[in-house]
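Inspection log for the structure reproduced underneath, given as structure tokens.
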Amino acid sequence: MKRNLFTLTLRNKLIIAFTVILLVPSLTIGWFSYQTAKSQIESRMNMTVTENVRVLDEMLTGYIQPITTDVDYLSQTFKLDAGQPTAAADLQTLIAAFQKVHTQVDTAYLGTSKGEMLLSPQQELPADFDPRTRPWYESAMKANGQIVITEPYINATDGKVVVTIAKSTPNGAGVVGVDLNLEALSTQIESVKIGKEGYASIADNSKTFLIHPHQQPGTKVPDEIAGPMYAEQTAFFTFDEKSSKMRESVTTNKLTGWKLAGTFSVNEIDKDASKILNQTMLVVVICLLVGTALIYIIIRAIVRPIRALIHVSEQVSNGDLTVSLDVSGAKKDEITKLSTSFNTMIVSLKTLLAEVNETSHQLAASSEQLSASSDQTSMATQFIAENIQQMASGSEKQVESVRIGSTSVGEMSRGVEEIAANAQLVTEVAVQTSHISAEGNAAIETAITQMQSIERTFEELSQVITGLTQQSAEIGQMVNMIQDISTQTNLLSLNASIEAARAGEHGRGFAVVAQEVKKLAEQTAVSSKSVIELVESMQGGTERAVHSMNATSVEVTAGIAVISRAGALFKQIQGSVLEVEAQIKEVSQVSQRISSDGHETVTAINSISGIAQESALATQNVSAAAQQQLASMEEIAASAAFLTKMAEDLQLRVERFKL
């Protein structure tokens, strides 16, 4: 049921809602009006019957009270004396006058303590009739001067209900009594109508009906009525009578002690309330008819523009953004505002998709440009890596050459030391100089050859270092090119991020790719900066190596000159022994200087070897950075290709809409 309710159309939901809104208040108001009217009718009936009972009580009191007053007065008038009998004619006259004045009194009489009986109208009494044995006489005598009202009884002569009111004379010589006929009271009470079916009734203290429209006088009160009726001085209860539910209000007359009751039918309340219910239902039906007409008009005014909105929405969902809702001449209500907002949304969506389409084209072009730049950067990086690899190989060869040169210079230094020692020995054995000079000349020539070889080695080493310097400069230029490409890549990624932000939700994927491209560009810039620092360090080292090699070359040239001069001296030694001693001393001094210079040369070459090793290590680091740069550029190229694919996919999605 719940699911079916949610699957109803808006029209049916509105019909159900308006029907409930119309029916529930109408029926609720009708029901509460009926209940309120019924309660008021019931309350009014209760008040009416209570008021009628109060009137009955006053009526009964007003009917009996004057008689009791007159009986009291009459008893005071009769002054009977047991020792002085009063004339019967006088007493008879008073009784007759009293009875004549009070028409509701059937009989007025006087019973004396002597057994005499005077009454009016006069009647024949049995010979044995003695008033002193009558209940009314005995009750009056026992009342000690108080009025006595006997229980009602049926008059034997006419069958009417009467009640005797009696009072003893002041001296107790007799009792004055009257038989009060209740027929007039009964007529008055029976004329009382409570509602349409209600009535009034009187019951005496012996639970017997005196006056009742449906019961004979003397009929016993039913137990279901007598119980609540005689339980309290006043009562209000409901009972069943002839398949009808009756409600009765009861009060007790203070003068007689009789129960006065007002009875009405509960069905009368339902009948009167039913009339109000029928009128209410008629009003509800009229309201329903009028409400149904209004509901139809309202629902039609709501559903018609909503159906038009649904139709246009379906066209928009199918990609047609050229449609719009016609709001001209429409009332300025919420649905019209909704239609206007929907038209504005279509225009905004159309503008947005046009911008997204243009942005996707720009993004595709930027992605292709980024891809091309990535390819160029990859090629340049690969070229740099190959050159750096070649430079690393040259650096290794340079280190090996320097190592060989260091070994040669070391050997030369040791030879010079031996020359110095031999020159010192020649000073002592000048005689043998002639023989040794030939060997010394040969050694000198060998030394010259070695020094020339060292000079050539240093020249080659200088050329290699110079080439390394040039290659380092080229590496610096290439790294600068990489850094420029990284800067351009960073700018392109920034543009892609801006375009992705403009694309909104559809450009979120582009923003992620642009962010990754930006990170790769920043990594490339950092790596390029490290390469530049390494290349600059390597260039500084190579420049110092060039200066050291130049200084060493000068020293080697000087050594060659010295050795050449030594060779000339050796030739002169062969010509003149006298000059040998002086020349040998000079040779010894020169040899010492050469030895000292040889040590310095070894130190310089060792320094060159260390620089060359550092250059080789730096070259290897540059090569590794170039490889990392190449991998980063390949990732950038892949991201650019993915970005291009996403831009093309976005274009396809945008082309679904008819702008």
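The count begins at 1 with the first shown residue.
Including glycine, each Cβ sits where the backbone N, Cα and C put it.
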Annotated range (TrEMBL: coiled coil) out of 192-219, 360-387, 444-471, 528-555: 444-471
Within-chain partners of the transmembrane segment (12-34) [C-beta distance under 8 Å, separation at least 6 from its ends]: 5, 273, 276-277, 280-281, 283-284, 287-288, 291-292, 295, 298-299, 302-303
DSSP residue counts for the domain 'HAMP' (300-354), split into helix, strand and coil: 39 helix, 1 strand, 15 coil
